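Colleague: As annotated in Swiss-Prot:
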REGION    1-73  region 'Disordered'
COMPBIAS  22-34  compositional bias 'Low complexity'
MOD_RES   T64  phosphothreonine
REGION    94-118  region 'Disordered'
MOD_RES   T109  phosphothreonine
DOMAIN    149-291  domain 'Tyrosine-protein phosphatase'
ACT_SITE  C235  active site, phosphocysteine intermediate
BINDING   C235, C236, Q237, G238, V239, S240, R241  substrate binding site
REGION    488-586  region 'Disordered'
COMPBIAS  489-510  compositional bias 'Low complexity'
COMPBIAS  521-553  compositional bias 'Low complexity'
COMPBIAS  554-577  compositional bias 'Polar residues'
MOD_RES   S558  phosphoserine
MOD_RES   S572  phosphoserine
Amino acid sequence: MVGREDAMGNDEAPPGSKKMFWRSASWSASRTASQVPEGDEQSLNIPCAISSGPSRRCPAAPLTPRSHHNSKARACLPPLQPLAISRRSLDEWPKAGSDDVGEWPHPPTPSGNKTGERLKLDLSSTQQRVTDKSSGLAKREKIAFFDKECSKVADHIYVGGDAVAKDKSILKNNGITHILNCVGFICPEYFKSDFCYRSLWLQDSPSEDITSILYDVFDYFEDVREQSGRIFVHCCQGVSRSTSLVIAYLMWREGQSFDDAFQYVKSARGIADPNMGFACQLLQCQKRVHAFPLSPTSLLRMYKMSPHSPYDPLHLVPKLLNDPCPGSLDSRGAFIIQLPSAIYIWVGRQCETIMEKDAKAAVCQIARYEKVEAPIMVVREGDEPVYYWDAFASILPMIGGSVIKVQPGDRKVDAYNLDFEIFQKAIEGGFVPTLASSNNEHETHLPARENSWSSLKCKFASRFDKGFRYVSKTPLSRVYSDSMMIVHSSGSPSSTTSSSSTASPPFLSPDSVCSTNSGNSLKSFSQSSGRSSLRPSIPPSLTLPKFSSLSLLPSQTSPKESRGVNTFLQPSPNRKASPSLAERRGSLKGSLKLPGLADSNRGTPAFTLHPDDSNDIVFNLEGIRNGDLYPPSDCKGTSVDSDLPEKEIISLISCSKSDRHKSGGDTDSSGQPLACRWPSMEMITKLSRAYLDSESVIAIPLPSDAVGETGSRNLYIWIGKSFSLDNNCSLVDSNKAADTVENVDWVQIGESILCQMDLPKDTPIKIVRESEDQTELLALLSAL
């Protein structure tokens, strides 16, 4: 062994020389006395310190320093160095708040001797190391740089943090008029007397639900835009929450993907960085606002109307349920069931009126922003029709009949108790805001601002309702600019609206007007052909609290008709439409009104309204497969045709219970309809196919079906392919630029013909061109 070899090697050394020991001989903990053989101990003969004395046998070297304290050899050893434990610098570890900036530095695990060869684990294939040397500190410095920055994302949208929200001078310098506070539980409404506020209570957590409030935010952004205002959207630092809402808006408004919208916002505000949960929700939102085809797992979606946050219990939003089935319904609430064939609003027997109203508004938002083309039906607990349960069974085959046997009013889901309790206390006046506004620190009752989101929906609804009652005598235009809404002229007494809504017409997305025959969500204009297929999107949130019930009209459209025609309503002379987006950009001249379309782009005639007030709202499903926003209606009750076409758009119309008359028309003594030739209005008593002259325009009132069982009539305007306006220009409004037959608004002419023929003003008008499909008209003529 080493210690023994050293001792033996020193036997031949000259007397008086130092005895050298290896440190390992004294520090070897593995060597024990029992391991040394007895023969070895006898062979260890070490010379004595006195050179003249004989050799003597010495005991073996001590095992440890502690076992031999007085040895001279121990004194000869170099002093032992203390063990060095190096502590890592504090800067190399993550600091508090690193998760707030979105990046975690990844320091190596503390190790011993770095110069020696050690086993290393290569994680390059599984984890990408942060290569930016300034990742943590620079990120915080960057946030500090944007602390006082009011970042402009769009003409009317600015993004920032709390530091800007509390600085009135910065807000004023940027022309801010409205503020959306995303962190109501942290930041109060600092300058409520100077700006219009709305608040959300969003946690910067991946589990926070932002999908349910996106459409309310879209409404707010559009409301600000129509007022030519500017809105400042802020959270604490302007990094995650506020930027997520703006990204979602750009995805809908501009038709951008999530990546494009995110990069656009990030170019305006370099620290924009939605958390992972928000990003996932925005990717799901992208599929909806771009009208992507539904996946098999998304065929059935069910929403429960509930408060978005306990801080604002009257802000009701549709929250997506994880288990969509009849067992998820609760008699205390309102639910939205979205199927490929229809959208149902299920109202429980104990549901409050406020919740039912907001559910109807939420459905209109879904139809508008997601471009839903399905009928919308309201069913009440206990009165569910059979087709309602059949719709469930078609998606969930395992649903049995036992679901229907639940007693009406007894449906209850315990998981909803907290939401309903919060909401019930709020409507009973038991809710007091946790954070008083800056200019009133003594609020002891529920302030109006706590329900501001519902009031915004009512604002759109009231304006839309006024338009409907006004149009009962003069139909609205079916071809809209990107604003899609019609504004009353200043001279019309019935056009009085609030000051906040008269600045400009309501503003809808240009992407909400798209080609009906294309799966692409973006709009498609065709200037070369002089016509395009435009499908108006659903109107803004509609909430009409004065109406008490909703019913569904049966479809009166034949399969051919549902695939075929599409006419256009003429705007009232007392109304004007805002210029379209294409016109404002200068890329499209003239009106986007397209009276003459191919057969594939035509639809059934537009609806008309009864002038008197009504107590019912009817979701009419007739003739809107190709984008008719306002289909016709004779208001014949609430019976439902189970064979309704799947793709139809909602149309909200009013009709009186006491005025459900049948549309009539003039006939001769033999019962044959009286036709006339336009513009001379020459009556044609014996109508036949021979009278369909290529150089004439013939107005023909005919039954809506071949057998005439429905009793309703349509006014068909047959336009010959050789008809010319050369001698009839005076009969066409010169303001409409009707230089050709294609540019004539034949629906307006049809309304004039209705008056001259003493036909009901609500008679649907259909345009039939000789150069296009005439199958329906010829079939009706042959049946006479």
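Cβ coordinates are placed from backbone N, Cα and C, and glycine is handled just like the others.
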Colleague: For the substrate site (C235, C236, Q237, G238, V239, S240, R241), what does the 8 A shell look like? I mean other same-chain residues with CB within 8 A of the CB centroid.
Modeller: G161, C182, V183, D204, H234, S242, T243
Colleague: Just going by other Cβ atoms within 10 Å, which of the recorded positions C235, C236, V239 has the emptiest spot?
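Modeller: Output over recorded positions C235, C236, V239: least Cβ neighbours within 10 Å is C236.
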Colleague: Where C235 (active site, phosphocysteine intermediate) and R241 (substrate binding site) are concerned, what is their Cα separation in Å, rounded?
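Modeller: The Cα atom of C235 (active site, phosphocysteine intermediate) is 6 Å away from the Cα atom of R241 (substrate binding site).
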Colleague: With every protein chain in view, what's the tally of Cβ atoms within 10 Å of the Cβ of G238 (substrate binding site), excluding that atom itself?
Modeller: 30
Colleague: Which residue, out of the binding-site residues Q237, S240, shows the minimum number of other Cβ atoms inside 10 Å of its Cβ in this structure?
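Modeller: Each of the binding-site residues Q237, S240 was scored; lowest Cβ tally within 10 Å is Q237.
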Colleague: Quick one: give me the count of other CB atoms within 10 A of the CB of R241 (substrate binding site).
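Modeller: The answer is 24.
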